[in-house]
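Asker: Mind having a look at this structure? Questions to follow.
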Amino acid sequence: MQSNRGMFLETIINRTIAYFCGRKIAYFSKRHLPIKVYSFQGRRIQGWLGEKTQTDYYGVYDGYYFDFEAKQVSLKLFPLKNLAAHQLKHLTDIVKYKAFSFVIVLFTNVDKFFLITTEQILDYMNKNPQKQSIPYDYFLENTVEISLIFPDILDFEPIFIELIKFKINQT
């Protein structure tokens, strides 16, 4: 069961990036795991991760770089431990270079997708150092819900446009 955790969200995001790439709206790609293979048995391959991975996806929309992680949870909260320390560091490093980084969270119990920026995660952690998770209500009140436009396609584009406008207005 553990190995399938997040596969539904990953499938939707993969279809979404195929849709955006196929229509030349944006270029996004899934990072591949750096697996060191040590044995083959028929069609079965055994191996281990060669190094810690960064985030799940990266890409470019309208000349702006985006980097993001995808997380699926079945509770009405997002456990911060679901975001590994090296992933949070990577997302934070992306922000330092003035690019966009965020986490897409699917709450399976309510079938809702949210985009939470790295800045929002860091702000929440700084203001709530004792908290081990971000409650669903925080997502409702402070983040952007992502809607599905076609079967299994997330409507990223209006969110990306708003993020870019916000960044331009800050400079």
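Glycine too: its Cβ is placed from the backbone N, Cα and C atoms.
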Asker: Just to be sure I read the record right: D56, E69 are listed as binding Mg(2+) in TrEMBL. Which of Q87, Q120, Q130 is listed for the same site?
Answerer: Q87
Asker: Which number gives the other C-beta atoms within 10 angstroms of the C-beta of K71 (site 'Transition state stabilizer'), all protein chains shown included?
Answerer: 19
